[in-house]
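Colleague: Under the heading GTP binding site, Swiss-Prot lists 374-381, 421-425, 475-478. Here Swiss-Prot flags 57-76, 179-203, 223-239 as compositional bias 'Low complexity'. Look at Swiss-Prot and you will find 125-178 tagged as compositional bias 'Basic and acidic residues'. The domain 'tr-type G' feature in Swiss-Prot is assigned to 365-535. Taken from Swiss-Prot, the feature region 'Disordered' covers 1-20, 28-92, 125-240. Sequence annotations record features per position, and here Swiss-Prot assigns region 'G1' to 374-381 based on similarity to another entry. Annotated region 'G4' per Swiss-Prot: 475-478, in sequence order, evidence recorded as similarity to another entry.
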Amino acid sequence: MVDTKNPGDKTLSVGPSKTLTLKPRVEQGTVRQSFSHGRTKQVVVEKRGKRRIGGDAPAAEPVAASEPTVARAPRIPVRPAPPAASRANSGVVLRTLTEDERTARASALAEAKIRAEEERRIAEAEAARRNSKEGIEQAEREAAEARRKAEEERHRQEEEAKRKAELEAKRRFGESETKAAPAKTTTTTTRAAPPARPAAVAADGSDEEEAPRLVRRPGGGPARPVVAPKPAAKPAPAKQRGRLTLVTALSADDVRERSIASFRRRTQRLKGHASNEPKEKLIREVIVPEAITIQELANRMAERAVDVIRMLMKQGAMHKITDVIDADTAQLIAEELGHTVKRVAASDVEEGLFDADDDSTVVEPRSPVVTVMGHVDHGKTSLLDAVRHANVVSGEAGGITQHIGAYQVTSPDGKKITFIDTPGHAAFTAMRARGAKVTDIVVLVVAADDGVMPQTVEAINHAKAAKVPMIIAINKIDKPDAKPERVRTELLQHEVQVESMGGQVIDVEVSAKNKTNLDKLLEMISLQADLLDLKTNASRPAEGTVIEAKLDRGRGPVATVLVQRGTLRVGDIIVAGAEMGRVRALISDQGETVDEAGPSVPVEVLGFNGPPEAGDRLAVVENEARARQVTSYRAHQKRENAAASSSGMRGSLEQMMSQLKTAGRKDFPLVIKADVQGSLEAILGSLEKLGTEEVAARILHAGVGGISESDVTLAEGFNAAIIGFSVRANKEAAAAAKRNGIEIRYYNIIYDLVDDVKKAMSGLLAPTLRETMLGNAEILEVFNISKVGKVAGCRVTDGNVERGANVRLIRENVVVHEGKLSTLKRFKDEVKEVQSGQECGMAFESYHDMRVGDVIECYRVETIQRSL
């Protein structure tokens, strides 16, 4: 291949050499713009020429908007390559290309082909994009038209709302004339659809867009096409850009109006003026419990807590929002703020638990409940054993009843009668009171040979307080010294008049030993029950009273319950005092397991979480949630009462601190465990009565059940004794007590327990010191002996003087020394005693200030042990 080499030939050229200049493309003008209300404004309008790249092209002819033109794929003109032949008239000698030049030219040609193929693919893709762009623009035009219509509708609605708001503002604030411009009727201007891009045809028949120009590569390689820049995004309207054009400035349709944001701000201001008007205060019903925090009270009233605190400060009380105030103060604050108050109490959880009215159409007769009361050893339990054909007395320790018991018997006429046996000992006053409260009839047993005794009088008072009828059973008429008439006469002193003496109280002479007149006694009880007309609803939830409670090692907490209303069934959820549970088993007085217990039936109930207190009322509730509410309230009340009593004790101790220090009161610490709640209650009452100002029993812990290791640990900490009443200690507790030296005492009879504790407490009492006068002696002369010291020469004037006795040295009727007589001599001999009228020598222990004329008084001190 040959080529010409012409020094003047420039193969790499973009075009003819031209000078680069910047021509002004901006034309300016001034336009006067008019606004509403006669306002005008001078506006500078600039007109910019269109910048063209790649030379001047002929102007494009616009195409009608109704006839959109579909863009055609641009044609890429191919410029013919320059001929490789040498110029004929160049006159230059040709030479052969070197191997490197041929290789470079071959590489350049290959690269040019690759670039040409890439440019062809790019051009085809650009043509396809332009074809799809027309369809997209059509869809955009339709969407713009829909948006325009929606915007016009929104403008119309906002104008209407603005007009109504202005009218409302004028009416509310009484404006004389409107400040806002009258509502302008929005005219719907039909805007022409934006015209399609005109398809300008070039002079040579090519499309509007200029074909990519080819740029030659250095070295004579194939030309590389220059890709035209992509069209910029569609500019926003001039109004949105915030500047005016000549066309928009001269147009009358684009008069500036209030913006939407301005209208919204005005609406907000109007709403703010309306919100500043005084609001009508809402009166609320405020529920006020017994205690409430200030924050909670403010929340319930929908008031600020600061306002509540301010009102409290006016009353002279400084509080925080977390402080608790009482119900009275909360009610005063709520009423002062204009609210109504509804007082509630925590005890409202117990409403409807007891004493619900029964339907008179479903009531049916029930068995009477009879309580046997009287003095100790008058034969109450023996009489009940004779009626039941049982032998309960033999099972009682000491032959006295120390537990309250409930039994059910059948009378000769087939009716059932429930008996409650109460102890007669003075310590069981609370048991007798409980028996009188749950009973329908009281049988007062009086021994014919003993008459009316203190516990008999107490039983009469219990029956009168409970307002229940009495039947007098004069027992032990089989004894030779029985005097029933004396019993009737003594009862008159306590306002009990029997039928035989013109009264209304039934009396029956019986003998429990010989079973005399027992049928007559049961007949009188049935007659009295018929007069009372006892009826109840057996189908309602059960209510009853806990007669006795204990902690059984094998069965857990066990409560003896007398069902008074309704029917108690296995599985019922029950509440008694601060304890709750589900009935696991019901055991009758005969020891049989039953499924239910009706009215007036005594049963043992198993299933409590803990042993309830004797005397607590039992009720069946609907679910465990209600049971937990009731028991938690009662437990809280119990803790508060205990805290109040302890704080009261602390206050009294602080007030009497000086007296306690001088008196030196001593405590006798005890840990007491009993078998049942009633016995424990009786023991605590008896020990409390033993206390004096000098010594008292301090009960560290009292409970029901056996003695455990924790009881021993507690007793060890306070060096206390442990008392077990009808209970025993387990192996661990016994071993711990033996190891730590803790004394455990067991008792079965209550008065033995009380007597032993009384003796032990008496040992803590300070003994009484009693002085016995022996005689007087007068000092005649004082001698000073080197080994002994001063010795007084005395004459005994009265009684006698003994060596080692207590003496007082009296000078001018004032006691100057008290001590002991260390030396007593007659002449030179030590003697034990000197009689009246004799002279002797005396010396005191550690005292030598003796003078002539002093009187020595000699006496003996005796120590006498005291007892409670």
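Every residue, even glycine, has its Cβ placed from backbone N, Cα and C.
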Colleague: Do any residues, 6 or more residues outside the region 'G4' (475-478), come within under 8 Å Cβ-to-Cβ of it, and if so which ones?
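Modeller: Cβ under 8 Å, 6 or more out: 378-379, 383, 445-450, 484, 509-514, 516.
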Colleague: DSSP on the region 'G1' (374-381): how many residues come out helix, how many strand, how many coil?
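Modeller: Taking the region 'G1' (374-381) as a whole: 2 helix, 1 strand, 5 coil.
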Colleague: Per DSSP, what is the helix/strand/coil residue tally across the compositional bias 'Basic and acidic residues' (125-178)?
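Modeller: Its residues divide into 49 helix, 0 strand, 5 coil.
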Colleague: For the domain 'tr-type G' (365-535), what is the mean per-residue pLDDT, to the nearest integer?
Modeller: 82
Colleague: Could you tell me which of these binding-site residues, Asp377, Ile477, has the greatest number of Cβ atoms within 10 Å of its own Cβ?
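Modeller: Result of the Cβ crowding comparison: Ile477.
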Colleague: Can you break down the region 'G4' (475-478) into helix, strand and coil residue counts using DSSP?
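Modeller: Counting residues per DSSP class in the region 'G4' (475-478), I get 0 helix, 1 strand, 3 coil.
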Colleague: Applying a 10 Å Cβ distance cut-off over all chains shown, what neighbour count does Gly374 (GTP binding site) have?
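Modeller: Result for Gly374 (GTP binding site): 28 other Cβ atoms within 10 Å.
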Colleague: Tell me the Cβ neighbour count for Lys380 (GTP binding site), meaning other Cβ atoms within 10 Å of its Cβ, over all protein chains shown.
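Modeller: Cβ-Cβ neighbours of Lys380 (GTP binding site) within 10 Å number 29.
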